[in-house]
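Before any comments, here is the structure.
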Amino acid sequence: MTVLHSIDFFSSSSAPVAIEARAPQSAFPEHHHDFYEIVIVEEGAGVHVFNGNPYTLSRGCVCFVRDHDRHLFESTDDLFLTNVLFRAPDAFRFLSGVGHFLPRECDGVYPSHWRVNGQVLQQIKCLIACLEHAPKSDQVEDIALHESVFMQLLVKLWQGCQTQVGDDQEGRLYQLLDWLQNNYSEAVEWPELADRFALPLRTLHRQLKNKTGMTPQRYLTRLRLLQARHQLCYSDNSVTDIAYLCGFGDSNHFSTLFKREFSQSPRDLRSQL
C-alpha cells in the first residue's frame, strides 16, 4: 500500500497546514499517510472507499481522514477536490481544542463524511486561498496567523455540517442523499420518497442528477452495487444472500448488473480474494 509522507507536502518542518488541489482528481489506489487530511468536494462525482467502506461523493461532501485511515478514489467523473492537510489535531503551536470541531469516533463508529451546502463552499474559498500560501516566515506571529485561518476554516465546516439540514430544497436533497446512503437496501418508490422529503418529483430528479451526475435510480443501483462489492470482499455471505441484503430482488439480475459495473462477476471477484 502506498504511504504518503508529510515531508513531500508541507513547505517546511514548521508549516502547520498545506493545501493540495486536485482539479480534477483521477482514480487513485488505496493509500494512507502520516498526516491528517480534510477532503472537500467542490464539483463532480466519484467513489471514496474509506477503510474498505464505499461512499459516493458529490459537491459539498467533506471527508475527514486520520493518519491511520486508508482510502482510495475510483469511478471519478470531473471530481474537483481541495485537500487540506495538517499534521495532527494536537500538533499546532498556538491552537488547542481542535478536536472539538472534528468528527469523533463513538462505539467504534467514526462519522468520517460530512456534507455542507453551496453557500458554505463559497465562504471557505477565501480561507483556503489564504492557507495556500505558506507562513511568511518561521516567526511565531506568522505561524499563529496561519493556524488561526485553519481554525476559522474548521469552524466554518463544523457549523456548515450542523446547519446544512435546513428546510430549503438543497438541505432536503442532502437529507435524501444521506437517507439513501444509510437505507440503500430498502424498496424505494421515488414519488413516495419525494413526498417524504417535501421535494417535487421533477425537482428531485433534476437536482439529484445535477449533484451526482446520475439519475435517481442509477444512483441507487450504484450504491447497492458498491455495498455488495464490499460485502463480497469482507463477509462470508453467499452471492445470493448479498444480492437480497443489498436490495436486489433477483440474484441473476444482480450478477448481470454487477458484471456490467465492475467488468467481472460477483463469483469471479470472490475467487480472487
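A Cβ is built for glycine as well, from the same backbone N, Cα and C atoms used for every other residue.
In Swiss-Prot this protein carries:
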DOMAIN    174-272  domain 'HTH araC/xylS-type'
DNA_BIND  191-212  DNA-binding region
DNA_BIND  239-262  DNA-binding region
SITE      ASP241  site 'Interaction with sigma-70'
SITE      ASP250  site 'Interaction with sigma-70'
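Mean pLDDT across the DNA-binding region (239-262) comes to 95 in this model. Taking Cβ pairs closer than 8 Å, the DNA-binding region (239-262) reaches residues 184-187, 220-222, 224-225, 227-229, 231-232, 269-270 in its own chain, all 6 or more past its ends. Counting residues of the domain 'HTH araC/xylS-type' (174-272) by DSSP class, helix then strand then coil, yields 72 helix, 0 strand, 27 coil.
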